[in-house]
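*Asks:* Let me give you the structure first, and then I'll get to my questions.
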Amino acid sequence: MKQRLLFLGPPGAGKGTQAALLCDRHGLRHLSTGDLLRAEVSAGSALGQEAESVMNRGELVSDSLVLAIVKAQLGALNGQGWLLDGFPRNVAQAEALDPLLQELNQPIEAVVLLELDDAVLIERLLSRGRDDDNEAVIRNRLVVYADKTEPLIEHYRQRGLLQSVEAHGSIEAITERIEGVLA
């Protein structure tokens, strides 16, 4: 199975669930950028202190800082496979990530795109019961996702890395479809 992966997909497609399962089953390291940022802050590293300062001001952490944290994490893996989730979110970030991965001799082997009809996504997200998840907010999140992510999807499609997977059905059925395209 391919060992260096990116996960893309709309909110509610099951990226977190599938990432955890695949990483557990195949010994991959799950690199969620949100989790990585929180871990760096918690550890009190220089990168974490910089990230904390930015987040405390209510600002977005810069791409360069996220890339530095990703680079530090990947550099410490000693050849272990990985699954990057939550980054890159746009083509500019992807174009910044690619040379970093080449430098580490860890290029992306596959980009998994979890696809699901909007109606099913809305149903899934509403069933989570989160306060901020009403249908209007969810529909807007899906529009924003499509606008921001379509060029990124095309970027990886043109590079021959994109693997689309239908994200409907049972968790196990989806996992098997993902494993099938990564074999």
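Including glycine, each Cβ sits where the backbone N, Cα and C put it.
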*Asks:* Per Swiss-Prot, which of Arg89, Arg128 sits in the ATP site along with Gly12, Ala13, Gly14, Lys15, Gly16, Thr17, Gly169?
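*Replies:* Looking through Arg89, Arg128, the residue Swiss-Prot assigns to the ATP site is Arg128.
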*Asks:* Pick from Gly14, Gly16, Gly169: which of these binding-site residues has the biggest number of other Cβ atoms within 10 Å of its Cβ?
*Replies:* Gly14
*Asks:* Do any residues, 6 or more residues outside the region 'LID' (127-133), come within under 8 Å Cβ-to-Cβ of it, and if so which ones?
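*Replies:* Those are 12, in sequence order.
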*Asks:* DSSP on the region 'NMP' (32-61): how many residues come out helix, how many strand, how many coil?
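*Replies:* Each residue of the region 'NMP' (32-61) counted once, the result is 22 helix, 1 strand, 7 coil.
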